[in-house]
Amino acid sequence: MATFIPPPSKRQRIAVADKAREQQDIESIPDHLGSIRVQFYDQATGKSSGAPVSIPVADATVKNLELLLNTLQRNDTSERIPYRFSYRSETSGSNLNNTLDISHDLYHSLLKSGLKTTEDSISLQYTPQAVFRVRAVSRCASSIPGHGEAILATSFSPSSSSRLVTGSGDNTARVFDCDTGTPMHTLKDHTSWVLVVSWSPDDSTIATGSMDNTIRLWDPETGKTLGTALKGHTKWVNGLAWEPYHLQTQGRARLASSSKDATVRIWDVVSKRIESVLSGHKGSVSCVRWGGTGRIYTSSQDKTVKVWDASKGTLIHTLSSHAHWVNHLALSTDFVLRTAYHDHTADIPPTEEGKIAKAKERFEKAATIDNQVVERLVTASDDFTIYLWDPSTSTKPLARLMGHQKQVNHVTFSPDGLYIASAGFDNHVKLWNARDGKFITTLRGHVGAVYMTCFSPDSRLLVSGSKDCTLKVWDVRTGKLKEDLPGHKDEVYAVDWSPDGGKVASGGKDKAVRIWRH
C-alpha cells in the first residue's frame, strides 16, 4: 500500500512560512560588526583547545568554526572531524538547561538576541560528530519469507550487518544471512510467541523471551539451543537486557529479563540459575535496561520507573511522575552498551583484557559530560508524555516532553546521545534535544500509528516503521523526509539499523523480513 501524504493543515502552512522567513533572516549577517573573540572547550573534558581566536562576525558560521577548530587541533585536511557547537552561560554552573546550541552562526544565536556583544569573549563547547557517514537506505535488497506469523522483534548482530535475528508469533526465532538474503537457522524450542530477541554484546549468544514464560539461549553459528530453558517467570517475558561487557565477570555473563508477572530476574547465563529477583512493581514490567554504571532500569504498567543496584539486587529509586502506563524506556548509552568493543573500524582487540578496556573506553567517552559520567534516561507513556531523567542525581525529571496527541509507544536516544526520537499512536515521530528535553521538530508523513524508530550509527538519519505499511528515513538535521520505503503488505512492527550502518531490517504483520540498503 503506497502512502499518500495528506494536504498540509493551516497550522503546518503557517509553520512552513515562518521557517522560510527564518531562513531568509539567517542568510543575512550584517558585515559592519567587526570581530569577536572565541575560545573552544571540549564538552567532555572541559579542556580548552588553545588561546582565544578573533573571528569576523560575518564569517562566524558553524562551517567556518568547524574548519577553524580542525586547524587549531592540527587535523589533516583528509581527516577533518565534524563538530557540533554549544554555548553555556557562565552563570549557569553545571545546569545543562542553560546551554544553547549554535545552529547556524554566532550572530543569530548569541549577538542578535543580546546574550553576547562583540566586546565579549565567547566560550564555545564542542562535541565531535561521527567521523564516518551512513548513507540513507533507499531500496529493498531482499524480502525473505519463512515465518508463519507476524514478526514481533528484530535485531542485528552487534559486530556487523551480515547477521540478523527475528522473533515471531509462529513460536520461532530465525537467524538470517543478510548478505545473501537467506535464512540460516530456525530456533524452534519455544511453545508460544517469541516477543523479544537480544544479542549478547560479544556477539556469541542470542537470547529469546517468549509468551511461554521462558527465556532460551542459542548459539548463532549452529542455531542450537544452549542448555535448558531459563524458567522462573510465571507470565510472559517481554524484555531482555545483557550485562554491559565492561562490567561482566570474565566468562560469567548475566542477563536481566522483565515480565508481565511484575518481576525482573537476573540470570547467570552459564549456570542457568536465577541470581536475584527484583520485585516491587505492582504491574507488568514493560521494559528493562542494564546501564553501564551497574544499575538496572525498569518501567512498568504501575506508572513507575525503578532504578536498581545490579550487584546487590536492591532498589535505589522509584521515579513516579507518569500518570499512566510506562510503555518504554531508553538510555543515552544504549548504542555503545549494545556494541561493546565493536565499532565502525571493525578493529577487534585480540585479548580479553583489550576487549574489556575498549568497551569501557567507548562507554565512558559516550557518557562523559564535563568530566562526569552521565547516563540519561528517557521514558514514554500512555499519558501522551515523555520524561527525561538523570537518575544518578535526582528522582525528579529534568524535563517533561509534551506534544504527542496520543499514546507514546517508543523512545530512543541517538548513538551520540544528543537527540531523542519518540514514536506515537498520533502518526507522528518527534525529535527532542537530549540535553534539556526541548522540542526540535515533528516528522510528518506517516498516516498510521508509528510503532518504532531507530537511528543510524552516525546519528544523522532516523528510520521509522508504521501501521501504514511503510518505513520512512528522515534527515535528523533538517527534519525532512529522505526516503519513503513502501513494500510491506501490512503493518511494520519491528525495525533495526545495523550497528555498522550498512543495512536496515524490518518485519511485521505480513510475515516477511525485508532487508534495505542504499
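Placement of Cβ uses the backbone N, Cα and C atoms for every residue, glycine included.
Computed from a predicted structure; not experimentally measured.
As given in TrEMBL:
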- 36-91: domain 'NLE' (DOMAIN)
- 144-186: repeat 'WD' (REPEAT)
- 187-228: repeat 'WD' (REPEAT)
- 230-277: repeat 'WD' (REPEAT)
- 278-318: repeat 'WD' (REPEAT)
- 401-442: repeat 'WD' (REPEAT)
- 443-484: repeat 'WD' (REPEAT)
- 485-518: repeat 'WD' (REPEAT)
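Counting residues 6+ beyond its ends, the repeat 'WD' (485-518) has Cβ neighbours under 8 Å at 1-3, 132, 134-161, 164, 166, 168, 174, 176, 178, 181, 335, 338-339, 342, 344, 346, 448, 451-458, 463-473 in the same chain. Distant neighbours of the repeat 'WD' (443-484): 1, 3-6, 12, 129-130, 132-134, 136-138, 335, 344, 406, 409-410, 412-416, 418-419, 421-431, 490-501, 504, 506, 508, 510, 516; these residues of the same chain sit at least 6 beyond its ends, with a Cβ under 8 Å from one of its Cβ atoms. A Cβ distance under 8 Å defines the sequence-distant neighbours of the repeat 'WD' (278-318), meaning residues of its chain 6+ beyond its ends; these are 235, 238-244, 246-247, 254, 256-266, 324-331, 333-334, 336-337, 363, 367, 373, 375, 377, 379, 381, 389, 391-392, 395. The DSSP breakdown of the domain 'NLE' (36-91), given as helix, strand and coil counts, is 19 helix, 19 strand, 18 coil.
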